[in-house]
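Per TrEMBL, these features apply:
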DOMAIN    B:8-189  domain 'Thiamine phosphate synthase/TenI'
BINDING   B:Gln38, B:Ile39, B:Arg40, B:Glu41, B:Lys42, B:Asn70, B:Ser109, B:Lys138  4-amino-2-methyl-5-(diphosphooxymethyl)pyrimidine binding site
BINDING   B:Asp71, B:Asp90  Mg(2+) binding site
2 protein chains.
Amino acid sequence: MNREDLNLYLVTDKELANGKALEDIVEEAVKGGVSMVQIREKEANSKDFYQLARTVKKVLEKYKVPLIINDRLDIALAVDAEGLHIGQSDLPYDVARKILGPNKIIGLSVENIEQAKQANQLDVDYIGLSPVFSTQTKNDIAKPLELDGVKEIMSFSKHPAVAIGGINSANTADIIKAGADGIAVVSAIVCAKDPCNAAKELKEIINKSLSLKAIDS
Amino acid sequence: MNREDLNLYLVTDKELANGKALEDIVEEAVKGGVSMVQIREKEANSKDFYQLARTVKKVLEKYKVPLIINDRLDIALAVDAEGLHIGQSDLPYDVARKILGPNKIIGLSVENIEQAKQANQLDVDYIGLSPVFSTQTKNDIAKPLELDGVKEIMSFSKHPAVAIGGINSANTADIIKAGADGIAVVSAIVCAKDPCNAAKELKEIINKSLSLKAIDS
């Protein structure tokens, strides 16, 4: 995985797709600049999850964009995804790594400073800062980290990080400025009338913010 | 897997355990004659499922009773379970077999004659006839096969079969007589005041019915 793959990270939610085929949204989003895609399906049965992941993988292969599966290591194996994203209630990192091997991407959600410190002890490929702001996309959500939390974690984390939760074009620049390598969005792209344009707009802000950060440092 | 492992197959349901530790119920049940144990956790998160499976595996290893994981191939891999049980809405059989390899047990639920015929084309280790009778343990349930369905399927199936759904000490003999190799129970053992005795009682009926069948054939 390249650090840049985290720049604009799309997390899918079929419920929000409003009847539109998820693979079409993904393709438009990738054309607009999405650099990594995660499929998160907390309600689907294994068969449907597998079929969806296969369909999305075929789209992403054309664009050489990595596919990450949320939580379900079996689905990741079944479709030979590029990686797995685990949360604090999913399989332990060491168990997942042992099964997936050293070459697959494993990302870990951290919800507070303590978990970010623990992640520093693990050989994860990236961390997800979750949630940065409050969001309605996910249930069972922890207290938002806010920009201060992002800054603090990025001051000591040895891992690349993507921020997720309540992110849109209005706060993207602040998040990159706070030190995150990228933003992960769900509704900002999945619910957009034009996912390609929505991705383009976000990508421009990200690129601009990253250049400014490069000049500053 | 031996065909006899299917004789008395316990399927767990933490919800029915009524606060009692599932691993304790499993241990008592195995002492009473349970020959195979499946963990089914449709609601648990991956971390809890993994921890539960690990705990139950430790118990079963002492008694050399195979552990089967329902649906979640990743959990089966994570705890090195002896096998996986898949339903018609889970990962396709060929995908599961490819990942698990030839030495693990894979069982497949069939809900009607057509699915039992399709299973004959697959190299599954056993089939689950589901449901035989109506039951309240599982949602999204198909039309019961009844004893006639069991008889018909056993007349052509090349696989060993375990029957599940609404089975108790009153109908066990009929099911074995109808041709099944064994019965799978949830509440008949999990909800029993004394799981060891409940298992013993069922096992006696099964053994007696199997001997009668051996004499008949």
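Quick reminder: no glycine exception, Cβ is built from N, Cα and C everywhere.
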### Query
Which residues, sitting 6 or more apart from B:Ser109 (4-amino-2-methyl-5-(diphosphooxymethyl)pyrimidine binding site) on the same chain, put a CB under 8 Å from its CB?
B:His85, B:Ile86, B:Gly87, B:Gln88, B:Ile127, B:Gly128, B:Ser130, B:Ile164
### Query
Hey, what's the Cβ neighbour count for B:Lys42 (4-amino-2-methyl-5-(diphosphooxymethyl)pyrimidine binding site) at 10 Å?
14
### Message
I'd like the number of other C-beta atoms within 10 A of the C-beta of B:Ile39 (4-amino-2-methyl-5-(diphosphooxymethyl)pyrimidine binding site), please.
### Response
29
### Message
Using a Cβ cut-off of under 8 Å to chain A, which of the binding-site residues B:Ile39, B:Glu41, B:Lys42, B:Asp71, B:Ser109 qualify?
### Response
B:Asp71
#### Entry: binding-site residues: B:Gln38, B:Asn70 - member with fewest neighbouring CB atoms within 10 Å
B:Asn70
### Query
Which chain-mates of B:Glu41 (4-amino-2-methyl-5-(diphosphooxymethyl)pyrimidine binding site) that are at least 6 residues away have a CB under 8 A from its CB, listed by sequence?
B:Lys14, B:Asp48, B:Phe49, B:Leu52, B:Asn70, B:Arg72
### Query
What's the CA to CA span in angstrom from B:Ile39 (4-amino-2-methyl-5-(diphosphooxymethyl)pyrimidine binding site) over to B:Asp71 (Mg(2+) binding site)?
9
#### Entry: Alpha-carbon spacing, B:Lys42 (4-amino-2-methyl-5-(diphosphooxymethyl)pyrimidine binding site) to B:Asp71 (Mg(2+) binding site), which is rounded to whole Å
9
## Note on the structure
The rounded CA-CA distance in Å from B:Asp90 (Mg(2+) binding site) to B:Arg40 (4-amino-2-methyl-5-(diphosphooxymethyl)pyrimidine binding site) is 13
### Query
For B:Asp71 (Mg(2+) binding site) and B:Gln38 (4-amino-2-methyl-5-(diphosphooxymethyl)pyrimidine binding site), what Cα-Cα distance in Å is obtained after rounding to a whole number?
10
